[in-house]
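Beneath this line is the structure, given in structure tokens, with notes to follow.
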Amino acid sequence: MQGETPLASTTESLRQHMEYPVFVWSTLVRFYRNTQVLELAMAASLIAYGFGLFFGMYINSWSFTQSTYFYSYTISTIGYTYDGATSAPALATLSVYVFCAVLAFSLLLGLFVAAVTDASEASIEFQLREERQETTLDRKRGTVEEALRPRRPLEETRVEARARVELSVAWQTVRNTFFQMLGMVILGVAAVIFFDKGITFNEAVLFVLESVTTVGYGTSSLNTSTAKWFAIIYILPGCLAWARFVAAVSRYPLALRHFKELHDTVGALKTSEGVLDAGAAHALRHNHAIFRQFLSTNDNALDEKSPKTPHSLRAEDFIIQWLLATKQVHLYDIIDAHQLFCDLENHPESASSANAASYLAC
């Protein structure tokens with residue numbers, strides 16, 4: 001589109017990437033181009049399904065529908081209630097079949113969880129870009145008085161902003177995926193009762209929850225062929241909805257911990273006026289010199305003398321925690337920290353001023 005800025009184009013691509021099922025498809029394409037995981041998952045699924053048909057139709061003399069149904073609820077629950085043949089060949093074949101089925105579905109779930117993770121990262125980047133765009137527009141529309149108003153340089157650092165958005169996205173994902181999973185469960189219960197008149201409400205709820213949420217066993221209580229085929233079609237999206245919810249819940253504690261750690265650590269570096277303390281600034285420069293020594297491939301760099309300026313050990317400890325925390329989150333956080341360190345190193349006279357600290361708030 002003509003006249004579209006690169007930032008707007010990137011923001012729009014992030015918006016599209018977050019839409020379902022675009023994020024699933026884009027993740028599968030990336031796996032296909034760069035790894036063999038997608039091919040392995042498809043091959044494992046076909047092998048497992050072949051084993052399922054062989055086991056059901058040849059060993060137990062089941063129908064095609066019953067064999068396919070058995071395969072569906074076996075891969076979804078990592079187990080099942082089994083009342084078929086119990087001979088040694090049958091149980092040996094069953095063991096291989098369960099291994100292949102669980103492996104196949106685990107690979108598929110892994111791909112889907114990766115897609116959910118990609119979508120969360122895209123959502124974080126999208127919200128950060130929107131906030132920056134709004135801030136830029138507000139500054140352009142601001143009055144002269146607002147432009148002359150003193151800036152609070154460390155009101156919120158860039159790493160703090162990212163941690164805040166990450167926590168917000170994590171909670172939104174938990175909430176959204178919960179209602180999606182709940183909707184799938186309600187749909188499943190209603191459909192099972194409709195298709196299988198002989199099943200009670202409690203049995204329908206138990207079947208749906210066992211089929212999409214438990215690492216335990218499935219059930220073969222459905223009595224009609226139509227109900228079984230509905231279960232075959234329903235189990236995969238039902239399990240994926242549950243997998244999204246589980247992935248979202250598992251990410252939330254990490255986002256919360258990261259937010260709390262950064263809030264406490266960066267907050268300890270700020271004075272009541274919102275600027276870096278001089279001792280903390282000296283500690284920043286000192287740790288940056290040590291950090292460069294470890295990263296350098298030049299032997300002479302290891303002989304570089306550390307700054308002789310006294311510094312606070314407590315502030316230095318906070319900086320080390322901050323480096324560890326931000327390094328584990330995103331490369332952009334390390335870049336932000338590096339910019340601050342370089343500024344403090346090149347302009348030591350501004351160590352305790354708002355100008356030296358303002359890089360954290362860019």
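From the backbone N, Cα and C atoms, a Cβ is placed for every residue, glycine too.
Annotated domain 'Potassium channel' per TrEMBL: 184-252, in sequence order. For the domain 'Potassium channel' (184-252), the model's pLDDT averages out at 78.
Under the heading transmembrane segment, TrEMBL lists 40-59 (among others).
The transmembrane segment annotation in TrEMBL covers 96-116 (among others).
The transmembrane segment annotation in TrEMBL covers 177-195 (among others).
If you look up TrEMBL, you'll see 229-250 (among others) marked as transmembrane segment.
Distant neighbours of the transmembrane segment (177-195): 201, 204-205, 207-209, 211-212, 222, 224, 226-227, 230-231, 234, 237-238, 241-242, 244-245, 247-248; these residues of the same chain sit at least 6 beyond its ends, with a Cβ under 8 Å from one of its Cβ atoms.
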